[in-house]
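Reading through the structure tokens given below for one structure.
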């Protein structure tokens, strides 16, 4: 049977574009359909614009700290419109880069909504195409709980396009997106409250990291309200919002921002026309090769719900392209030791097991931990402290986990992730000469276990 394409990719996000480009490079006839924006969540309403806003939010501290170093530039003023305008231009530039990457790779780009008609057919805005393989890489979408007044709330999708910076913001959620945006709004000068229905945010991260970040965010004036949740949202006559909590309290705000989870983007995808099955949580079920229950259809990225991170989707896209069209170069994605960062202020960087995970897995561990005031702040009144922590297997000396809260934690942990991937032991850390004076050298000078 002949097909229009060897591979038809639905979704031009990080994973879909990676799979399409490399499949085309391996000689396959490839098409990509995208209904919204090139680059997916990461480029448009995720990692990239968020990191730009994090940079913007940190300047208030930079200006204040500069005074201790002899700099005086008058009173700093922030303009939201300038930041958002410049951010938009950068995203448009990146959209163009993604377009060029696809076109220059020989990929057919179709801008429109794609819908599955059967196991080998896709319709894009009335046009029908056939493909030997179809890859679903449609990503995820933020969700807001079904409460009265939820139409007054926003998510990360809308936050990047607000016309003005809200004066008072309620951020609802306890995951990394909630913590990052609470840091952003707080750093830019908004009166910010973070509400979370449990006793401490960032479930799944090391307990020491969670508690340390809680304390540091509190120092910066962020109002943290745990064991709290919103029951309803009402719009006031003056346009402000009144959020009634489940305990009866009412909090007033100009913006209620929800970061309470994401769902797979499967709307009107036509899965009912195929044999594709979903998991209990609504993600597309796949095997170790990203194969769905329909032999000709594959899926990757956020839509399969494994590890919802851009670099993971990129690795999955590469694996799919190689397995289908260059099998001699195929290597499965290794989901162990995936480094992660949270771009809160201060940042979190982490790789490997938490202390709790190591103990649950039966490891006898030694914990090395240090909390210190970074050198940059010693001339200032800023009392922010950095946390560095190593979780070490007491039996074979292997470093099981590395965790940090502090400036540029993600940059530091990326390098350590390579060492841990190579099986680094605590002895290897001890024998490594540090770069002085840096914060990073603390990881190779931790000598005495704290427990």
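Just so it is clear, glycine is given a Cβ too, placed from its N, Cα and C backbone atoms.
According to Swiss-Prot, the feature active site, proton acceptor maps to 436, an assignment based on similarity to another entry. In sequence order, the list of same-chain residues 6 or more apart from residue 436 (active site, proton acceptor) whose Cβ falls under 8 Å from its Cβ is empty.
DSSP assigns residue 98 (glutathione binding site) to a helix. The Cβ neighbour count for residue 98 (glutathione binding site), using a 10 Å radius and every protein chain shown, is 23. The annotation glutathione binding site is assigned in Swiss-Prot to 14, 98 on the grounds of similarity to another entry.
The annotation FAD binding site is assigned in Swiss-Prot to 14, 15, 34, 41, 42, 50, 114, 302, 310, 436. Secondary structure at residue 310 (FAD binding site), taken from DSSP and collapsed to helix, strand or coil, is helix.
According to Swiss-Prot, the feature NADP(+) binding site maps to 174, 177, 180, 197, 203, 261, 341, an assignment based on similarity to another entry. The Cβ of residue 261 (NADP(+) binding site) lies under 8 Å from the Cβ of 142, 143, 173, 175, each on the same chain and at least six residues away in sequence. DSSP classifies residue 261 (NADP(+) binding site) as coil under the three-state reduction.
Per Swiss-Prot, disulfide bond is recorded for 42-47. There are 19 other Cβ atoms within 10 Å of the Cβ belonging to residue 47 (disulfide bond).
Applying an 8 A CB threshold to same-chain residues 6+ apart, the list for residue 14 (glutathione binding site) reads 39, 40, 42, 43, 301, 310, 313, 314, 317.
Here residue 47 (disulfide bond) is positioned 25 angstrom away from residue 197 (NADP(+) binding site), judged by their C-alpha atoms. Taking CA atoms as the reference points, residue 34 (FAD binding site) and residue 47 (disulfide bond) are 19 Å apart. Here the binding-site residues are 197, 203; the one with the fewest Cβ atoms within 10 Å of its Cβ is 203. If you compare Cα positions, residue 47 (disulfide bond) sits closest to 180 out of the binding-site residues 174, 180, 203.
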